[in-house]
Amino acid sequence: MATSQDELKKQVAQAALKYVKPGSVVGIGSGSTVNFFIDALADMKDDIEGAVSSSEASTKRLKSHGIEVIELNHVGELPVYIDGADEIDEHLRMIKGGGGALTREKIVAAVADKFICIVDESKQVGRLGQFPLPVEVIPMARSYVARQIVKLGGDPEWRQGFVTDNGNLILDIHNLDILDPVQLEQQLNNIVGVVTNGLFAARKADIALIATPDGVKTTE
Ligand SMILES: O=C(CO)[C@H](O)[C@H](O)COP(=O)(O)O
């Protein structure tokens, strides 16, 4: 019988537990794969100091398991950050932000010593860019930022009705030819009104755990 995608997500979430250091604070991403990780982490809650969360949704789930959520500003060391991705390439560069939590995810990832990316094999790509690239934008800059994105060759689409945890909006960029992810990440961030974008190329993952029907594969 074929392994379901949820089963793969559960397996990769379980495999990530071995990277959690007893006594430490754990950085937690967002999304359905991370939800499985949070559920698995609940069994270890007495062995960790707590968690730093990258979204209101993850905070709620962590608290529902009785896992203490600590404000990032109160944390000195964050050995690992565990998060999913919408796409990941062979260099462990990613597109993230399908759930709209990209800015807080990027902040927590920046603080962490190691970024462990947990995905099922459907997220692996040869070249980033099939998944629309999310950009978090200050609301009053929406039209201006959209015009600048068109100049870069992309087709921005306003994720209407969606508000980020930071009170901003999301433009999803379609049809972008991403030749140099590091350069594009910087170019997009340089547009006034952009908070950040979903390319995780300058700070990519350190380890990818990829769930396949034959087991979880590790890439470093
Ligand atoms: O970046 C994210 C949220 O902003 C998620 O990590 C990404 O969308 C993957 O989610 P899922 O595990 O549900 O496929």
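Glycine is treated like the rest: Cβ placed from N, Cα and C.
In the record from TrEMBL, residues SER30, GLY31, SER32, THR33, ASP83, GLY84, ALA85, ASP86, LYS96, GLY97, GLY98, GLY99 bind substrate; the candidate from LYS60, LYS123, LYS151, LYS204 listed for the same site is LYS123.
Comparing the binding-site residues SER30, SER32 by how many other C-beta atoms lie within 10 angstroms of each C-beta, the top residue is SER30.
Using the Cβ center of SER30, GLY31, SER32, THR33, ASP83, GLY84, ALA85, ASP86, LYS96, GLY97, GLY98, GLY99, LYS123 for substrate, the list of other same-chain residues with Cβ within 8 Å runs, in sequence order, GLY29, VAL34. Each of the binding-site residues LYS96, LYS123 was assessed for Cβ neighbours inside 10 Å, and the highest tally belongs to LYS96. Among the binding-site residues SER32, ASP83, LYS96, GLY98, LYS123, the ones whose Cα sits within 10 Å of the Cα of GLU105 (active site, proton acceptor) are ASP83, LYS96. In sequence order, GLY27, ILE28, GLY29, SER30, GLY31, VAL34, SER54, LYS96, GLU105, ALA109, PHE115, ILE116, CYS117, ILE118 are the residues of the chain that are 6 or more apart from ASP83 (substrate binding site) and have a CB within less than 8 Å of its CB. Residues within less than 8 Å, Cβ to Cβ, of GLY98 (substrate binding site) and separated from it by at least 6 positions along the same chain comprise GLY31, ASP86, PHE131, PRO134, GLY198.
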